[in-house]
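Structure first, commentary second.
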């Protein structure tokens with residue numbers, strides 16, 4: 001026979017399986033096992049003597065040892081097996097019996113430590129089958145048993161109180177931490193049979209029933225629970241109960257991990273003179289007391305994180321809430337648990353998308369503006385080619401000057417400092433080049449050339465290059481929109497509280513960011529570009545695709561030619577600060593972070609201001625200046641609903657046409673339709689405006705108005721909303737009512 005023994009410490013836990021063959025000489029049987037091991041991808045070692053076998057095992061700790069027992073004159077297989085006991089499986093190889101001889105008992109082999117006898121058969125498949133059966137049988141079971149030993153060692157050392165009970169709630173096991181927390185001597189509970197889990201009267205009957213129902217269904221239960229100590233006191237614990245399902249799907253055991261979240265009055269009295277860490281403990285690191293009354297702390301990575309001096313504000317908030325839970329009644333503690341769940345999410349400022357009434361217009365706007373595409377692949381992908389930056393037409397190579405502005409254009413811009421300024425009149429007067437003319441006047445008014453130390457001719461060239469790279473074919477995202485955003489930005493910068501909050505570098509950054517924020521916009525949303533597999537989407541990893549492109553291209557256009565490099569004469573560090581501020585503001589126009597920016601502004605700016613009579617110390621910190629600039633450009637970018645009604649109507653028509661064109665393109669190219677309601681044949685423009693105002697505009701401008709004091713904008717917003725509501729109530733889908 002071949003004798004098998006399974007080692008207690010094997011290599012299979014490391015991902016491979018090792019076999020030791022002990023054969024005095026090579027023959028067909030040893031070759032059969034070698035070939036079988038190779039076929040099964042097992043590692044094999046061959047030993048010819050007992051000494052080499054022991055040396056090899058001590059070095060590698062094989063999972064399976066096969067000993068040739070056919071020729072006792074070579075070595076004593078049973079003596080070799082008894083010499084060392086750790087292997088999980090020993091196999092002895094024996095000769096086949098003669099037909100007239102009676103089968104011998106295997107008891108001497110089992111007594112020697114062998115697990116299995118293999119009757120000589122050099123067939124490779126027979127050897128292979130034997131190895132596979134051993135691996136899936138005895139060896140795998142032994143590995144699981146070894147793991148159980150390790151698990152119970154970990155349970156014994158754990159500082160969390162752990163209890164294992166049967167389905168009848170009889171204690172099967174508790175670890176020392178459980179006995180310590182519950183006031184028992186070490187081994188006291190384990191020495192008794194049929195001890196029922198102690199129950200506290202403080203738990204409501206419906207809570208116990210809820211736990212039992214959950215466990216009977218095979219589901220975990222986690223929450224706050226009162227446990228009863230040996231002295232009769234109740235202690236509140238954060239408990240996680242996990243059912244263990246046995247064969248046939250029946251409940252066998254329940255594993256309960258308990259962490260104390262508040263202590264009983266007797267504990268407080270007994271430990272009031274001890275040095276204790278103030279505040280609560282994280283639910284993953286608890287304190288247990290040994291029989292000598294000394295405190296032992298669980299030294300986990302989480303505990304080390306909480307002790308770091310570099311502590312995030314959210315960590316401080318969580319620790320404060322944990323501390324409040326200690327002395328809170330159960331309903332409050334449970335509510336705080338839900339608060340902690342929310343705080344541990346990554347999207348703290350972003351609401352769950354969707355609306356209460358499932359309005360399709362709002363859902364489509366959310367899907368189209370606040371996601372980076374549906375990520376569905378199409379067999380017919382629309383690829384945007386990489387376009388070279390536009391060069392100036394020949395008739396624009398000579399830079400304009402404020403002195404060169406035609407009278408009609410100058411007259412149109414006379415009231416450019418008013419919110420009711422008509423950008424469309426300027427668009428007509430400048431033959432769709434409003435950005436250059438308005439930019440010259442606004443930049444001059446804010447002293448941008450002086451700040452940048454650049455000649456006016458350089459600024460004029462820069463404005464012309466930037467405007468040339470806006471697509472005049474777009475109905476909405478063209479240079480007129482950029483000029484409109486620039487105008488709104490300049491208007492906001494003149495508001496008293498905004499001026500108090502920002503430095504000159506912030507003002508210049510805001511004006512430049514407004515000018516370039518949509519440069520080279522293709523007239524399609526980020527979602528469209530991602531679904532179409534465009535080169536820009538690939539370049540920017542489907543993340544803030546357009547906004548990243550606008551910012552990058554703006555600096556490429558600015559720095560490629562000294563004639564239009566407005567940053568050329570800046571000191572390096574000041575340029576880097578300005579560049580970073582411009583990029584941050586352009587990226588802030590991406591709608592996926594809309595609610596995050598608005599909520600941060602409300603919580604960091606609006607609320608502290610409301611609580612203080614003077615605002616000097618709050619606004620000038622760098623973090624708050626960044627929030628103000630982001631909010632400023634966001635409001636400027638989507639301020640159309642706050643413009644006078646005629647301007648609002650024109651902008652609504654233009655953005656709708658651009659969305660209609662995108663839907664048409666998606667259908668032609670076989671791409672997912674991102675905003676199905678923007679079908680030119682069925683869309684209700686009033687409904688789309690109502691949804692946009694409700695979901696994106698109202699809260700944001702309420703917050704901005706509270707900061708910057710913009711009563712005229714809020715009046716326009718109210719009037720425009722009523723206008724769209726009136727059209728919708730009349731079931732009109734157009735921009736204007738029909739003539740009487």
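For all residues, glycine too, the Cβ spot is worked out from N, Cα and C.
What TrEMBL says about a protein is an automatic prediction, not a curated fact.
Database features (TrEMBL):
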- 477: active site, proton donor (ACT_SITE)
- 477, 478, 479, 480, 481, 518, 637, 689: AMP binding site (BINDING)
- 481, 517, 518, 637: Zn(2+) 1 binding site (BINDING)
- 518: Zn(2+) 2 binding site (BINDING)
- 284-294: compositional bias 'Low complexity' (COMPBIAS)
- 147-218: domain 'PAS' (DOMAIN)
- 401-731: domain 'PDEase' (DOMAIN)
- 273-304: region 'Disordered' (REGION)
Inquiry  = Return only the integer: C-alpha distance in Å from residue 689 (AMP binding site) to residue 517 (Zn(2+) 1 binding site).
reply    = 23
Note = CB neighbours within 10 A of residue 478 (AMP binding site), counting all protein chains shown, number 23
Query = Just checking the binding-site residues 478, 480, 637: which sit within 10 A of residue 517 (Zn(2+) 1 binding site), CA to CA?
reply = 637
Inquiry  = Other than 481, 517, 518, 637 themselves, what residues in this chain have Cβ atoms within 8 Å of the centroid of the Zn(2+) 1 site's Cβ atoms?
reply    = 477, 482, 485, 514, 521, 589
Task = Pop the Cα-Cα gap between residue 518 (AMP binding site) and the residue listed as 'active site, proton donor' into the table, whole Å please.
result = 7
Request  = Please list residues from the chain of residue 479 (AMP binding site) whose Cβ is under 8 angstroms from its Cβ, counting only those at least six apart in sequence.
outcome  = 432, 433, 434, 435, 467, 470, 472
Note = Filtered by Cβ under 8 Å and at least 6 apart in sequence, the residues in the chain of residue 637 (AMP binding site) near it are 485, 517, 589
Query = Hey, what's the Cβ neighbour count for residue 481 (AMP binding site) at 10 Å?
reply = 24
Note = The mean pLDDT across the domain 'PAS' (147-218) is 76
Key: Site extent for AMP, whole Å (max Cα pair distance, 477, 478, 479, 480, 481, 518, 637, 689)   = 22
Task = Mind telling me which of the recorded positions 477, 517 has the densest Cβ neighbourhood, counting other Cβ atoms within 10 Å?
result = 517
